[in-house]
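Listed in TrEMBL for this protein:
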- 1-438: domain 'Major facilitator superfamily (MFS) profile' (DOMAIN)
- 44-64: transmembrane segment (TRANSMEM)
- 71-92: transmembrane segment (TRANSMEM)
- 98-119: transmembrane segment (TRANSMEM)
- 131-149: transmembrane segment (TRANSMEM)
- 155-176: transmembrane segment (TRANSMEM)
- 246-272: transmembrane segment (TRANSMEM)
- 284-304: transmembrane segment (TRANSMEM)
- 311-332: transmembrane segment (TRANSMEM)
- 344-371: transmembrane segment (TRANSMEM)
- 383-403: transmembrane segment (TRANSMEM)
- 415-434: transmembrane segment (TRANSMEM)
Amino acid sequence: MCAGVAMGWTSPALPVLQREGNASAAWAASPTPPLSLSEEQGSWASALVPLGAVAGALPSGLLADAIGRKRALLTLAAPYALGWVFIVSAGQQVWMLYFGRFLTGLGTGATTVLTPLYCEEIAEVAIRGALGAYLDFMICVGILWIYVLGAYVPYFWYTLSGCVIPVVFLLTFCWMPESPVFLANKSRHEQARKALEWLRGGNDYDAQLEMDSMLASMKESPSISIRQSLSMFFSTNPIRSTTSRAVAIVLGLMLFQQLSGINAVIFYTVQIFNEAGSNLSGEASTIIVGVVQVIAVLCSSITVDHLGRRFLLLLSTVIMAFCLLCLSLYAVFSKGSDVDNLSIVLWIPLVALILYVVVFALGFGPLPWLLMAELLPVHAKGWGSAIAASFNWAVALLLTKQFPLMLRHAGQDVTYGILCFFCVLGAIFIAKCLPETKGKTKIEIEESIGGDKP
């Protein structure tokens with residue numbers, strides 16, 4: 001949820017901050033004078049979250065391997081809370097706004113590495129997909145939170161609300177157990193057994209069978225050093241390495257997830273609707289988008305363990321491509337047309353964007369993060385997840401920074417057409433390269449990937 005608030009904040013905030021000389025109403029309840037951003041400064045305010053996420057994701061996997069998943073997650077409350085303090089206190093100091101956004105980006109990047117790791121390692125096989133989808137579900141809840149507050153609450157107060165969520169997380173998550181997989185991998189078997197008993201409902205649960213299965217899986221994929229693991233990835237014949245294949249598939253999923261354009265759309269939702277000339281206000285449209293996104297991810301968590309990962313991803317990418325094509329064609333036909341001629345089709349941008357967000361939330365939103373945790377071998381989870389998440393956010397940074405420039409110089413028709421093309425490529429990649437992981441153990445997943453094991 002902290003990550004979602006950081007990602008969605010620019011959508012209601014940028015129209016306020018870029019309204020030169022006319023921001024007094026939005027700042028009425030603020031003890032600080034109004035801040036006015038240029039278009040270039042506004043693009044950096046958006047881009048600094050993915051930039052911080054790149055920096056935050058890289059060390060987080062190694063930190064999780066060193067001190068544990070739980071402790072690493074608890075440390076994230078600090079950059080989130082401190083970042084919002086800087087943003088709220090920025091006043092007319094743009095650097096404070098930038099630094100605050102960068103700090104929340106650090107937390108966001110680490111969240112996308114650590115949360116899938118922790119969820120995958122505490123979940124039973126039967127509900128692994130459902131639990132893995134909750135990362136994206138809570139991100140969507142955070143986005144909706146800031147959309148609603150941004151529409152009805154003054155800037156200062158909805159920005160200040162970002163400080164509350166990391167504090168609540170710190171006070172509640174500290175009672176959760178450490179990952180049993182991490183504990184078992186550190187030969188702390190008794191603590192791992194107790195963690196399993198807690199997670200499965202208490203002392204009445206016999207954790208021994210699950211412990212035996214976990215230890216057998218670790219024996220098949222033995223614990224090796226990070227240097228050995230990395231050397232396998234850069235081996236002389238990487239095509240035959242299971243680790244290399246798994247990392248390549250995960251990187252491909254991360255690439256096409258971002259090239260679908262979702263983060264750029266989330267960051268600039270209000271502006272997109274305002275420029276599209278929709279009958280609804282930009283603020284009302286974004287709330288509708290946020291609500292359906294939350295519902296769609298919830299549906300994904302229910303269906304992913306029944307329909308499978310591949311099917312949902314393929315369905316998602318194909319329909320997203322269709323929605324982006326509709327947006328591109330609408331932009332083409334709206335050029336040179338007056339409002340009266342377009343009045344009967346003004347619903348197209350709203351419906352297309354809502355459907356785009358819905359199918360993204362069903363598939364391409366949650367599933368790459370779930371598959372990152374499922375596909376990577378145990379010995380490569382730390383550094384592999386860090387590389388994958390950093391790569392994801394690096395592409396997001398590039399796209400977020402260039403998206404407003406593309407809209408201005410190339411137009412909506414060309415911009416959405418390019419994103420549509422990338423969605424088609426993503427569907428081909430999934431169909432050709434991604435194995436199904438539904439209901440499979442770690443050993444079975446590695447066998448479906450193929451290649452040589454360590």
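The first residue you see is number 1, and the count goes up from there.
Cβ from N, Cα, C; glycine included.
All annotation found in TrEMBL is predicted automatically rather than curated by experts.
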Quiz item: In the same chain, which residue numbers or ranges, 6 or more beyond the ends of the transmembrane segment (311-332), come under 8 angstroms Cβ to Cβ?
Solution: 253, 256, 260-261, 276, 300, 303-304, 345, 348-349, 352-353, 355-356, 359-360, 362-364, 367, 411-417, 419-420, 423-424, 426-427, 430-431, 434
Quiz item: So what pLDDT does the domain 'Major facilitator superfamily (MFS) profile' (1-438) average out to?
Solution: 80
Quiz item: Do any residues of this chain, six or more beyond the ends of the transmembrane segment (98-119), have a C-beta under 8 angstroms from a C-beta of it, and if so which?
Solution: 2-3, 6-7, 44-45, 48-58, 60-61, 63-64, 69-70, 72-73, 76, 79-80, 82-88, 90, 131-132, 134-135, 162, 166, 179, 369-370, 372-373, 381, 385-386, 389-390, 392-393
Quiz item: What residues in the same chain, six or more past the boundaries of the transmembrane segment (284-304), come closer than 8 Å to it by Cβ-Cβ distance?
Solution: 8, 11-12, 129-134, 136-137, 140-141, 143-144, 147-148, 150-151, 269-270, 273, 278, 312, 350, 353-354, 357-363, 365-367, 370, 438
Quiz item: Looking only at residues six or more beyond either end of the transmembrane segment (415-434), which have a C-beta under 8 A from one in the stretch?
Solution: 248-249, 252-253, 256-257, 259-261, 309-310, 313-314, 317-318, 320-321, 324-325, 327-328, 331, 364, 371, 403, 406-407
Quiz item: Given pairs 6 or more apart, does the transmembrane segment (71-92) have at least three Cβ pairs under 8 Å with the transmembrane segment (155-176)?
Solution: yes
Exercise. Counting only CB pairs under 8 A, let me know which of 44-64, 155-176, 344-371, 383-403 has the most with the transmembrane segment (131-149).
Key: 344-371
